[in-house]
Structures are given as structure tokens and as C-alpha cells.
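> I grabbed these lines from TrEMBL:
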- B:T98, B:H148, B:Y152, B:S215: FMN binding site (BINDING)
- B:33-383: domain 'Luciferase-like' (DOMAIN)
Amino acid sequence: MSTPRTLHLGVDLTDGGAHAGGWRAQGPVAPRPFDAARLAGLVATAQQGLLDFVLFDDSFTLRPQRGAALQGRLDAALVSARLAPRSAGIGLVATVDTTHTEPFHVSKAIATIDHVSTGRAAWQLGWSTDAASAAVFGRRPAPDEVDALREAEEAVEVVERLWDSWEDDAEIRDEATHRFVDRDKLHYVDFEGVHFAVKGPSITPRSPQGRPPVVVRAGSPLSLDLAGRRADLVRVQATQRDDARAIREEVRDIARDAGRDPNAVRVLVDLVTVVGQDRRSAQERLDLLEELGGEQGRLPEGSLTHVGTAVDLADLLEDWFDAGAADGFTLRPASLDTDLRAIVNGTVPVLQADGVFRQAYPGTTLRDTLGLPRPASRYAAAQ
Amino acid sequence: MTTKNRKQIHLGVHFPGVNNTTVWTDPRSGSQIDFLSFEHLARKAEDAKLDFFFLAEGLRLREHKGRIHDLDVVGRPDTLPVLAALAAVTDRIGLAGTINTTFNEPFELARQFATLDLLSEGRAAWNLVTSSDAFTGENFRRGGYLDHADRYRRAGELVDVARALWDSWDEWDAEAGGGIAHPFEHTGPQFDVRGTFTTPRGPQGHPVLFQAGDSGEGRDFAAATADVVFSAHSTFEDGQAFYRDVKDRLAAHGRDRDALKIIPATTVTIGDTPEEAAEAARQIRLAQVPGPTAIAFLEQIWGRDLTAYDPEGPLPDVEPDYDNQAITRGRVRHADPREVARQWRELAETNRWSIRELVLQLTSRGGFVGTPTHVADEIDRFVQEDASDGFILVPHLTPHGLDDVLDRVVPLLQERGSFRSEYAGPTLRDHLGLVRPGVPARAAA
């Protein structure tokens with residue numbers, strides 16, 4: 001391809017940040033962590049920096065933390081929906097579980113976020129193998145990873161079929177015949193899998209992106225395999241550039257073997273950041289976070305981590321990007337507000353000046369930003 | 001004007017649904033999917049200081065003669081994400097969403113509504129419905145088929161569990177550094193769950209609970225459990241009887257008569273003169289029942305294809321096929337098709353009605369028709385004389401169908417002191433005058 005590759009940058013806004021002490025870094029009193037205005041402010045900052053997306057992890061259990069204070073999670077899909085109307089350009093990635101939920105509900109929830117955001121939704125596939133999540137639902141025992149991933153893959157298949165089950169031009173409003181829809185353009189998905197059967201069609205018309213991008217967090221050989229076959233965005237973890245490059249090649253090989261175009265898969269490396277004016281002040285803030293976070297208050301292990309300046313961060317991103325180790329990064333700020341502002345004000349301008357990051361959003365949808373074409377409905381293509 | 005002695009009216013708006021109440025052939029009819037349609041109605045209602053915005057739910061597209069029913073509006077977005085998005089563009093109006101208990105687990109519903117309550121700063125409401133049909137169940141892994149009698153058992157236990165989850169968190173306390181979650185455990189015939197709830201207690205403590213069941217069982221369920229009954233009894237005498245019946249059931253559950261609000265759905269058509277309003281209402285009815293819709297309605301009872309018949313002509317001469325009552329799926333059935341068919345024939349013959357006229361008459365939903373003053377008088381009379389505590393206004397057009405009612409009728413209700421001119425508090429419980437449930441006392445750890 002003649003067009004230069006563009007670096008992709010997302011930011012993980014889950015909880016108070018990648019560091020468990022992140023909540024408290026702004027003072028002794030909780031900064032209203034469940035206030036939508038706080039989240040909207042973070043999205044505005046990310047959007048100002050022209051980032052590809054904000055992302056919300058989710059789970060049915062609380063993160064273990066010493067002392068019960070300042071924990072708690074909101075439903076990630078509803079958070080994304082809440083943030084959609086007053087933002088533009090930036091993608092909204094919500095994690096929704098597939099082990100304990102209904103694929104039909106998942107499908108219309110993500111499609112609806114895509115409608116209310118006019119094309120900026122993505123779905124990060126969740127699955128649950130822990131006994132605690134199984135116990136709060138009480139419907140079945142916890143599956144092992146093999147079973148959970150098989151079921152997740154069935155869920156992706158059903159959800160994508162439901163997204164395609166309305167052709168784009170199904171709504172006709174034909175007054176002459178009094179028909180609101182052309183029912184030949186509404187399709188039963190007739191999925192019958194090992195774990196569930198779903199008839200369809202969806203109740204929700206096809207959304208602006210057709211199929212919102214699917215994100216898979218690949219932290220094991222099995223999930224990497226699923227990601228290569230199914231994901232538009234693959235999140236990986238690596239601490240060494242060469243390891244990341246090998247993982248990226250593996251994902252692309254799996255995609256190719258599955259009959260997909262490997263250039264339609266974006267591999268993003270998770271990157272935990274503690275950004276300061278200089279290396280020393282960044283380290284000092286990390287020390288403070290460790291102190292506030294208590295015993296479990298450490299940075300996530302196994303992840304690429306940058307403790308230093310915003311400019312050095314730009315160098316790191318470009319180095320990995322140029323080496324083919326990543327198509328981009330999912331930034332995981334240790335303290336959301338502080339780190340995100342430092343990245344937007346200090347790192348993004350360097351990347352732009354170096355010509356590896358956009359000067360404006362290229363279109364209106366997340367697919368536009370990611371450089372992924374809008375897929376036709378599989379049912380329309382079949383006719 | 002003093003509001004001291006007047007009973008206060010509660011008003012909600014219903015986003016247009018996917019049945020033939022919604023007219024899509026009108027040139028003013030907008031998108032039922034575009035978020036701007038939802039935003040317009042919600043903000044317009046908030047400007048008029050209404051209590052809440054209401055969304056219905058659908059989980060399977062309706063079918064007729066083995067195919068998807070295509071004459072009415074088809075398709076809608078998912079209820080809760082729309083309400084969460086509306087929380088971003090409104091500040092005060094309540095956000096009520098219909099969610100079926102049959103295809104969800106208590107943990108996820110409790111979590112979603114707690115999230116909505118937090119994201120809207122105390123404006124969430126849940127209209128709880130139950131279903132038992134295998135037709136809808138085909139879209140779900142659990143099949144969803146419940147014995148009819150088990151519907152309310154499941155719903156009741158589900159609400160108990162949801163409330164236990166909301167109560168498992170202490171009140172948020174910034175001074176103390178946040179909230180504390182206590183473990184929960186529930187073992188019952190429907191649910192066997194334990195663990196820690198992930199989501200802090202919302203501003204309302206418990207989101208407001210709406211319920212719409214009309215059977216004796218449904219009324220008892222509402223009296224025991226609900227904050228608002230969304231009823232179908234919108235005529236005066238009917239309304240009074242229903243109102244008395246449901247309110248009388250409250251004492252048995254140890255509840256005050258004001259603890260449950262009865263808010264039926266209704267339509268409103270206004271005009272500058274009574275004649276103008278009546279003509280407008282007639283035109284809306286004609287648009288709601290075009291010829292093909294009238295034929296499809298008749299086919300539900302006839303159980304056979306009637307498209308060869310002229311909707312402006314007499315009823316079909318052929319006998320109904322009573323063994324084919326599954327011709328329509330995904331909507332309410334008629335109890336005794338033989339008796340229904342006999343009555344319809346008699347009505348049509350006596351009145352010399354065409355097929356379409358018969359259907360127009362049969363599906364007439366009443367509603368308020370008249371000048372703004374007349375409609376305001378009527379709404380106020382219904383509420384002051386205990387035929388209801390207010391109304392959910394159902395428009396026939398998306399999204400501007402209630403603009404004139406909100407602009408011209410609501411101010412008259414405000415003038416006479418029966419409806420608020422400003423919101424008294426931030427939460428939906430404040431608007432409805434409902435007590436905020438506190439955290440129950442906990443056994444010492």
C-alpha cells in the first residue's frame with residue numbers, strides 16, 4: 001500500500017486507572033469516581049488528543065483491594081452509551097461478557113451504542129472462568145478457558161449475524177403498499193450452536209458501522225487464536241519489542257489462515273504509563289501511588305510500562321511502531337486524569353510532528369479512524 | 001396560585017412504539033432509531049417539567065401469516081443504552097425503561113439499573129414485565145419458556161434479589177473514602193446466588209419500579225412490589241374502579257395509599273375548537289388503520305388470508321379457520337375467537353360497517369380529544385377524582401407528536417396548580433413523591 005501506516009492509540013479508562021492507588025492521587029477525598037461528568041471530562045481530553053478510542057473493561061467481581069473503600073464498577077456498555085451524545089470522533093469500546101449473558105441482548109446493546117454515537121462503538125469480548133462470577137449469576141458452574149472461549153466464539157458469530165440481519169436498506173416506508181420494511185431484507189439468523197440457539201432477526205436495525213469492531217484481549221495462546229480468527233482489534237501484552245513483533249506476526253498468520261486479510265487486523269500493545277515532567281518526578285509519582293495503593297497497589301505485571309516523560313513516551317511508541325511490533329497501543333494511565341493530559345499535551349504533538357499520527361479524525365466512525373472498511377451484510381452479499 | 005389542596009398530577013411521555021398507534025405515513029414522521037428523535041421528545045418533556053420519559057421493549061419482531069409483520073413501524077434500539085445516552089442530554093426528567101424479567105438474571109438487571117441511576121444522578125426507573133412465550137424465547141439461550149403461573153413467581157423473586165443487591169452497599173460516603181460492599185446470599189426456588197455486588201448504591205437507593213400487570217395476580221404483585229402501575233384503564237369509570245381496587249390492596253402489604261402511583265397510558269388530540277379536534281382525531285385514526293392493517297387485523301381472528309377482500313367492503317363471507325390462531329405471533333391473543341367473530345359480524349351488520357370501519361371502531365382507544373382547556377379540565381378531573389394519579393402520554397408521531405400538548409395543555413395544568421412549574425428535587429422519586437428507601441440495618445459482622 002502506498003499510504004503510510006498510521007499509529008493507533010486508545011486509552012483504557014477502567015476504574016481509576018491502571019494503578020490501584022490512582023483513585024486517591026488527587027487528594028484525600030474520593031474524586032466522585034462514579035460521576036458521569038468525571039468520565040465525560042476524560043473522554044473530552046482523549047478526543048482533544050484525537051485518540052482512536054476510550055475503553056472500559058468490565059467484570060462481575062470487584063478488583064481485590066486492601067480496605068474496601070473506593071471500589072465499585074459500572075456496567076461498561078451503559079457507560080459507553082452515556083458518553084456518546086456529547087462526544088464526536090472518538091471511539092467507545094465497551095467490554096461485555098459472553099459467558100453469563102444473552103448474545104441477543106449483547107448484539108442490540110452494542111448496536112444501540114453505535115446508533116447513539118453515530119458509528120463509534122466497539123465491543124471488547126469478555127468471558128468469565130472464575131467461580132465468583134458464576135456464583136453471582138447462579139445459573140451454571142464456571143467453565144474452563146477452553147469452554148469459555150468456544151462459547152465466546154459462538155457468541156461473536158451470533159452477534160455479528162444479528163448485526164447483519166437487517167440489510168442497510170430494509171426500511172422502505174412505502175406508502176403505496178403501506179409496507180414499512182421490505183421483509184425480504186430482514187433475515188433469520190437461525191444459529192444453532194453447542195451453547196445456544198438464536199432465531200433472529202435482531203430487533204435493532206443495522207447500525208452506522210454495519211458491524212462495530214470486535215476487540216479481543218489476547219493474553220493466552222487460546223485467546224490469541226480466537227483473536228486472529230475473529231477480532232478487528234487485538235490487545236496483546238509484551239515487555240520486549242521483539243516479543244511483540246513475534247506476537248503480531250502470529251496474529252496476522254492466524255488471520256491469514258482463517259481466510260482473512262491480515263491488514264484488516266490491528267494489533268495494539270498494552271502500555272501502562274506514569275508520565276512526569278522528568279524521569280525523576282514520574283518515578284516519585286509512582287512511589288506515591290504505591291504508597292496509596294497499599295499492598296495490592298502495584299502496577300500490572302507483564303505489561304510494557306513507561307515511567308518517564310511525554311517525549312520519551314513518543315520515542316518508545318515510534319520505535320515499536322516502526323519496528324513492526326505494533327499497529328498501535330492501548331494506553332493504560334496509572335492515574336487517568338494526570339497521565340492522559342500529559343500524553344495529549346506532550347506525546348501526541350511529537351507524534352504528529354513526526355508524521356505518524358493524525359492531525360484530524362479522518363471520518364466520523366471508529367472504522368474510519370481505524371482504517372477498516374464498512375462491511376456489507378453477509379445476507380445482502382449472498383443474494 | 002396555591003397548590004396546597006390540589007392533588008398533584010404526574011405525567012410521563014411514551015416514545016412511539018412499534019404498533020399501529022404510531023403513524024409513519026405522515027410526512028412529519030421522523031426516524032424511530034435516530035438518537036435525535038429520542039433526544040427531542042425527552043428534552044421537550046423536560047422543558048414542560050414532566051415526571052418521566054418512558055421506553056417500551058421488544059425482543060422478537062412480530063409475525064403475521066408466517067412472515068415478519070411489515071405494516072407498522074418495525075425495529076427499535078435497545079432500551080437501557082438509549083436511556084443512558086438520554087441521561088447525557090437531560091438533567092431532571094426520569095428515565096423509565098421496560099425490561100422483561102424472563103430473559104435476564106437478577107445480578108445483571110440490578111447492575112444495569114444501579115448504573116443507570118448513578119449515570120443519571122437518580123432518575124432511573126424499571127418497568128418490569130414478564131412473559132412466558134416460547135416464540136420470544138427462540139431468541140434466547142434459556143429458551144425463556146416459563147409456565148404461565150411461574151411468571152410472577154420469577155418476577156417477584158427477581159425483584160427481591162435485585163433489592164437485596166442494591167441494599168448490599170452502604171451509602172456512598174466521600175468522607176470515609178467511598179462505599180462499602182457487603183456480601184449477599186439468596187437461595188430460592190428461582191435463584192441461587194451469592195457474592196459481592198459490583199455497583200455502588202444509586203442516588204435513589206432503589207430505582208423506581210413500574211409494573212403493568214392487570215390480572216388479579218398482577219394487581220397483587222403491583223400492590224406488594226411496585227412504585228407505579230402503568231395501567232390500561234383510561235376511561236373515567238374504569239379508571240376509578242381500577243384505582244380503588246389496587247389502592248385497597250396496599251394495606252394488606254403494610255403500604256400507604258400514596259406509596260403506589262397509578263398512571264395509565266392515554267392519547268391526546270387537541271384543536272382550537274371541539275370540531276377541529278374531533279376531525280384531527282378522526283384523521284389520525286384513519287391513518288392508524290389503513291386498508292391493509294384492517295385486513296391483517298381481521299386475519300388474526302379469521303385465521304386465513306383475506307387480502308382478496310376490499311377493506312372498504314363488508315366482512316368476508318367465508319367462515320374463520322379457528323384452528324389457525326397462531327397466524328399472528330408476538331402480540332396479545334384473543335380469548336375466544338368463535339365468540340369474537342360472532343360479535344364482530346353482528347356489529348358490522350347492525351351498523352353497516354365496512355371491514356375498515358369495524359376495525360377503526362374496535363381498536364378505538366379513547367383518549368382525550370378537544371380544546372386545550374377541555375383536555376386540561378378532563379386530565380385534572382381524572383386525577384382529582386381518583387381515576388388515576390396522572391397519565392403517560394402516547395404520541396402518534398415520532399418525534400414531534402406531543403409538542404402541541406406539552407406547549408398548550410401542560411401550562412393550563414400548571415396555572416390551576418395541579419402540576420409543577422419547577423422540579424422540586426433532582427431525582428425521579430422526588431418528582432413522584434416516593435420515599436427513598438434507606439439501607440436496612442445489618443447484623444454485626
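Just so it is clear, glycine is given a Cβ too, placed from its N, Cα and C backbone atoms.
No curator has checked TrEMBL annotations; they are predicted automatically.
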> Pairwise over B:T98, B:H148, B:Y152, B:S215, annotated as binding FMN, what's the top Cα to Cα distance to the nearest Å?
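The FMN-binding residues span at most 20 Å between Cα atoms.
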> With the cut-off set at 10 Å between Cβ atoms, which of these binding-site residues ends up with the most neighbours? Options: B:T98, B:S215.
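Its Cβ has the most other Cβ atoms within 10 Å: B:T98.
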> Going along the chain, which residues six or more apart from B:Y152 (FMN binding site) have their CB under 8 A from its CB?
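B:Y152 (FMN binding site) has long-range Cβ partners B:T130, B:G213, B:E217, B:G218, B:F221.
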> Where does B:T98 (FMN binding site) sit in DSSP terms: helix, strand, or coil?
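DSSP assigns B:T98 (FMN binding site) to strand.
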> Within 10 Å of the Cβ of B:H148 (FMN binding site), how many other Cβ atoms can you find? Include all protein chains, please.
11
> Could you pull the average pLDDT for the domain 'Luciferase-like' (B:33-383)?
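Averaging the confidence scores along the domain 'Luciferase-like' (B:33-383) gives 92.
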